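Each remark here refers to the structure printed beneath this line.
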Amino acid sequence: MLHCITTIFLSISRMTMEDGPIAESYFTAYADVCFREFGNHVKFWTTINEANVFTIGGYNDGTSPPGRCSNCSSGNSSTETYIVGHNLLLAHASVSRLYQQKYKDKQGGSVGFSLYAFEFIPQTSSSKDDEIAIQRAKDFFYGWILGPLTFGDYPDEMKRAVGSRLPIFSKEESEQVKGSSDFIGIMHYFPALVENIKLKPSLSRNTDFYSDMGVSLTYLGNFSGFGYDVFPWAMESVLEYIKQTYGNPPVYILENGTPMKPDLELQQKDTRRIEYLQAYIGAVLKAVRNGSDTRGYFV
């Protein structure tokens with residue numbers, strides 16, 4: 001039987017996710033329509049697509065909708081990134097609660113949450129500072145989302161670094177968010193080199209997600225648009241980290257793959273992508289054999 005996973009929220013430019021309660025109520029009402037109209041055909045739902053990089057791109061960097069950042073015409077990278085991430089988690093919990101109460105028994109589906117998953121490796125293999133920085137990067141990219149979904153709160157390191165700019169879950173909100181995702185969806189393409197950075201006091205006021213994290217990232221791979229480099233070990237490592245750190249939740253790989261140069265002969269043979277998929281599916285198989293509860297792979 002063929003199953004599909006349907007994403008409710010892909011990218012919304014007009015819905016201001018920095019306005020928490022209003023956006024949460026609208027999003028829940030929108031999800032209600034989706035469940036009612038399509039729930040008999042869709043058994044796997046993801047509420048938010050790539051929640052971490054969506055928020056960073058839209059509210060820290062300003063490179064994706066709605067294009068807000070400190071250096072943009074409007075926005076504040078030091079606060080809005082965390083406010084929006086917080087509101088996305090609360091909106092997800094509201095939608096998950098709606099499904100559990102109104103549709104779960106009748107439709108028998110599942111509601112999950114997705115994030116972009118990098119594998120992080122040290123810029124300098126002998127650098128202890130870079131090794132420590134890797135954990136900070138994981139706390140910010142993974143723990144920011146999976147911490148509340150698994151434990152009901154943000155990682156301690158993130159709370160220390162961001163301070164009062166990081167929203168606080170009430171006891172009720174923490175209980176609602178914790179355990180609200182039936183599965184975790186991940187998007188993965190390539191790893192990143194991590195270098196520890198120390199900001200000079202004179203620059204410390206220009207805070208954003210990356211300066212709070214205290215790392216510089218260099219993405220590995222060929223980004224020409226005609227094929228990504230192959231790092232299957234990175235996929236295996238990501239799945240192992242999620243297994244060990246967040247209680248081995250059910251995982252679906254929702255995005256992976258590589259583009260191809262528009263060449264008819266290459267497209268007919270497609271050898272590169274066959275080899276790519278063999279390598280990555282093999283890495284997923286290794287992770288599953290090592291205990292990862294990975295249940296699906298999409299390209």
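Each residue, glycine too, has its Cβ placed from N, Cα and C.
Per Swiss-Prot, the beta-D-glucoside site holds N49, E50, E255; the candidate it also names there, chosen from Y103, Y142, Y189, is Y189. For C72 (disulfide bond), applying a Cβ distance below 8 Å and a minimum sequence separation of six or more within one chain yields G62.
Taking N76 (N-linked glycosylation site) as the reference point, the recorded positions whose C-alpha atoms are within 10 Å of its C-alpha, out of N49, E50, C69, Y189, E255, N290, are C69. Summary of the beta-D-glucoside site environment: with the site residues N49, E50, Y189, E255 set aside, the chain residues having Cβ atoms within 8 Å of the Cβ mean position are V53, S114, Y116, I186, M187, H188, L254.
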